[in-house]
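Marked as signal peptide by TrEMBL: 1-20. For 77-82, 117-152, 382-385, the entry in TrEMBL reads disulfide bond. The feature FAD binding site is assigned by TrEMBL to 173, 175, 186, 240, 243, 275. According to TrEMBL, the active site, nucleophile annotation covers 382. TrEMBL lists 385 with the feature active site.
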């Protein structure tokens, strides 16, 4: 039997106004909402925000023209705020656009277009201290990407349709994208991929219209969730948490006014209450916010686990600007050091325990369901929503890959790449920005509490 996991989640009471009741220690763990909020809002959020503004993390290469693999394309959003402005190649740092996305150092980027023999020779000329094993590892690096346990459908970054996007110039915000297209995306995610039992008839999709039946929604509806095994319950909570996080971003960056050539964006309290107020959502808003904190702790744990990967001296977040690269890595290491100080980390050991065959089957099922969700992101009709949906899904998929690769990370060689575990630049950018979005959500949640208090 799998042991129940310790869910260090906040207790949030939503009734008319959103307010937080501090209840001390939650469930059977040493975790409370105040500790999570203080840690994120005052310690981690300022650093993670600064990190995502660095050149290495602000440019994301993505293909927004991939066709939807599940249903006929219903057309892209015609609203101007849905548009994504790609970044001209001339603006991309030379180290990022070198064409070799899997390598981190200047030496590795320099050799991207050489054959194996030329690579070995050039590596020796660039750095004579590299061992033969390291040279071979660099030469073979790209070959082993296909063998990785990917949780996402990865974009082909060499595709002519793949473009660099400056994430700072294309912020996630409410674009007006809604209706049947948006409903179909989330409905497919929840109904077909969240391990919903056949005995449950009501749609899991929070966007589904209520039937007015008190038993069809609210806390009582989720009795089915407790009947699932731990991994499947976790899967649903991750997706729900991601959905909640996205909704908070949209409420916090809402189009409040569209004047003469000048749009005003800001927090929309009424929209926030519509999505999370207990009275409006019949209790579901509380659960949605709990799932946000749950997802935050999962990704926080993944960053804690992957720190040794980046702490190796030869890992360099390469952009071509040595001063910038040094500052970026130093800031990343500061983030990891801060994460280590958090005393109430999520314990994932219960999640993947049990008999080996059962655990292996659940892992594969878990992975394939999540990979399917990453493919659904290509069905989002709004380009900006698609961009941020793909990035945050990729970030969570990378976090899951890390949690499933604990042994490989523990056995990383100190001075050379590993064939057992590696991360592409695409995955690294998505991982940090994806967690940055969750950190921002919890920070924005605090802002909404203050706004609701003022309104009262």
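From the backbone N, Cα and C atoms, a Cβ is placed for every residue, glycine too.
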Long-range same-chain neighbours of residue 152 (disulfide bond), Cβ under 8 Å, sequence gap at least 6? 370, 371, 374, 393, 394, 397, 398
Could you check which of the recorded positions 82, 175, 243 is the closest Cα neighbour of residue 382 (disulfide bond)? 82
Return the count of C-beta atoms lying within 10 angstroms of the C-beta of residue 173 (FAD binding site), excluding that atom itself. 19
Least buried by Cβ count (within 10 Å) of the binding-site residues 175, 240: 175
Tell me, how many other CB atoms lie within 10 A of the CB of residue 186 (FAD binding site), whichever protein chain they belong to? 20
Roughly how many angstrom lie between the C-alpha atoms of residue 173 (FAD binding site) and residue 82 (disulfide bond)? 9
All-chain count of other Cβ atoms within 10 Å of residue 382 (disulfide bond): 24
To the nearest whole angstrom, what is the C-alpha distance linking residue 275 (FAD binding site) and residue 385 (disulfide bond)? 18
Can you give me the Cα-Cα distance between residue 243 (FAD binding site) and residue 385 (disulfide bond) in Å, rounded to a whole number? 12
Taking only the Cα atoms, work out how far residue 186 (FAD binding site) lies from residue 385 (disulfide bond), in Å, as a whole number. 12
Residue 385 (disulfide bond) to residue 82 (disulfide bond) - Cα separation in whole Å: 7
